[in-house]
Amino acid sequence: MEQFHGTTIISVRRKTPEGYSVAIGGDGQVTLGNIVVKGTARKVRKLYHGKVLAGFAGATADAFTLFERFEAKLEKHQGHLVRAAIELTKDWRTDRVLRRLEAMLAVADSEASLIITGNGDVLEPENGIVTIGSGGAYAQAAAMALLNHTEMSAPEIVKKSLEIAAEICIYTNMSHTIETLP
């Protein structure tokens, strides 16, 4: 059976006078092969009492499994994002069921932005931009330009980057969900 796939998830961290503003967004398109089966899926959400932003790309059922496991790690480690991500990837690499999951997570809190890969790696990009999914490279290029050459806020950059990705990537649509942290 074919997997549900294709999406764009982007998180942007922008320096503000008060610290950092963080936003994450994703499109709503879910495809099965070459057919769009849903256009308004919610692939980003707030976790751990609204203090952590997370989004997924990949097989939907696998992503929900990872969300649940990641949220359990956040609870266990009192919301410490990096520690929870590392502990999740330790499990991911040693658990036979988790090793077969085909999904990636983009996660962020007030201090860090991370990519948790399907290989069980934790990556922290240097520029505060995290992208995953089929339209990720397009959204990343747009966000880099907007972050470096405009005064747009993090949520504005996320929105515009998703719009640009949707114009290029056939697996990304214009139905967006955006979540923010102050």
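Even glycines carry a Cβ here, placed using N, Cα and C.
Now, the feature entries from Swiss-Prot:
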- THR7: active site (ACT_SITE)
- ALA166, CYS169, THR172: Na(+) binding site (BINDING)
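Taking the centroid of the Cβ atoms of ALA166, CYS169, THR172 as the Na(+) site, the other same-chain residues with Cβ within 8 Å of it are THR8, ASP27, GLN29, SER134, GLY135, TYR138, LEU162, ALA165, GLU167, ILE168, ILE170, TYR171, ASN173. Of all the recorded positions listed (THR7, THR172), THR172 has the fewest other CB atoms within 10 A of its CB. Look at ALA166 (Na(+) binding site): DSSP puts it in a helix. Distance between Cα atoms for the residue listed as 'active site' and THR172 (Na(+) binding site): 5 Å, as a whole number. Residue environment of CYS169 (Na(+) binding site) contains 21 other Cβ atoms, counted within 10 Å of its Cβ in all protein chains.
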